[in-house]
């Protein structure tokens, strides 16, 4: 016997849990799921969180790295303050903004770069995928600037034209690359999360 699952109801459980736990967003559960599987975050780490607003990932990260670590969160939109999180509002493709990030991490390298950046979707899949890949390239370029050798990178990407090439680029730069689809993601969504570990450290532009 087959049981039909009400997808909307299922997804709403994450929104309800987020509300009950007073979390910024249900994206918190996506990062939690991936982190439990891939063990990305540890106490004392330096982390850069791209596309951080409204703060779901940042609030999860600060709990994992504790006050011994450093997290710099970035978004083009404003974000309400989170204790222990250094927030910068600006465009990650702007060189002056990258210099601000460099100052916040005190010219050190991060052990983890996270990107939950997402484009303003149009409903036209080819356009939305193209925009997502573009944001993914910006995030990957930031890895080449800020990520320490052996570091990890987690990025949200829409599957479609250009995805395979992006995945290939990651495999050239990291020793371990895996594609994840957290249960809290909508099953019909094109979004996936790529976990890349053990950065080879190459200063290049993708």
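Cβ atoms are placed via backbone N, Cα and C, with glycine included.
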Of the candidates 116, 128, 161, the one that Swiss-Prot places in the S-adenosyl-L-methionine site of 55, 57, 75, 91: 116
Residue with minimal Cβ packing [other Cβ atoms within 10 Å] among the binding-site residues 75, 91, 116: 91
